[in-house]
Structure formats: structure tokens, C-alpha cells
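Structure first, commentary second.
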Amino acid sequence: MDLLHKNMKHLWFFLLLVAAPRWVLSQVQLQQWGAGLLKPSETLSLTCAVYGGSFSGYYWSWIRQPPGKGLEWIGEINHSGSTNYNPSLKSRVTISVDTSKNQFSLKLSSVTAADTAVYYCAR
């Protein structure tokens, strides 16, 4: 086993969250939370809560930005649970909704270093 593969076995990486996790979109505020440090092959879980506006009538999205790269759309969900996913991530992504709490969640399975990014929830 070469040194690179040996080091990859023990690789930890950061899935960065927004430094200021609550921000305002019009009168709607979104607050997200979740694990920021994972080992390869683990599952990333993030949740976003919507405050101060209507939850129904919109699609709620997850977007990410890898270091030094542009934004990448992950997927979206509406209040009734209808989803759309980025085809390149679809096999590993699940987005769910909890209308009783005005929250929606992202799960990304089998993460690798290529999934290192700033993850955003958005309307």
C-alpha cells in the first residue's frame, strides 16, 4: 500500500458550514446545522429551519461550493415532499422535509474528500 492510500485511510476532512449560520432572505430566515467533520464513507447530515415566512409554496434547496470552485446545486424539496436532485449526486442524496417544524434536511452518503465544500440551504 503506497503512502497516499495509507494516508487516505485516515483522512479526516471538513464539510464547512456557513460562518454565520443565520441570514435573511427578504423576511425569511434560514438556520442550518449538522456535523462538520466526517471520515470518508460516512454520511453527511444537515438540517435547515425556516423562520419568518411561508414554508409552503416554495422549493427549498441545498447548494454547495467546493474550495476554489463555483456553486453546485445538490437538490430541492417542497412542503409536500416532492424532490429534484442533481443527477450526478442522485444516488447518494436524500432530501426530506418536516412540515411540523418548517425544516428540511440533507443526507449525503459515502462522502469522500471530493465532497468537501461549504454547504448552503436556500429558497
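Glycine residues also receive a Cβ, built from the backbone N, Cα and C atoms like all the rest.
Database features, via Swiss-Prot:
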| type | residues | note |
| --- | --- | --- |
| CARBOHYD | ASN78 | N-linked glycosylation site |
| REGION | 26-123 | region 'V region' |
| REGION | 60-76 | region 'Framework-2' |
| SIGNAL | 1-26 | signal peptide |
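Within its own chain, the region 'Framework-2' (60-76) has Cβ neighbours under 8 Å at 46, 48, 50, 83-86, 89-90, 93, 95, 97, 104, 106, 108, 114-123, counting only residues six or more beyond its boundaries. Under the DSSP three-state reduction, ASN78 (N-linked glycosylation site) is assigned to strand. Across the region 'V region' (26-123), the model assigns an average pLDDT of 94. Neighbours of the residue listed as 'N-linked glycosylation site', defined as other CB atoms within 10 A of its CB across all chains, total 17.
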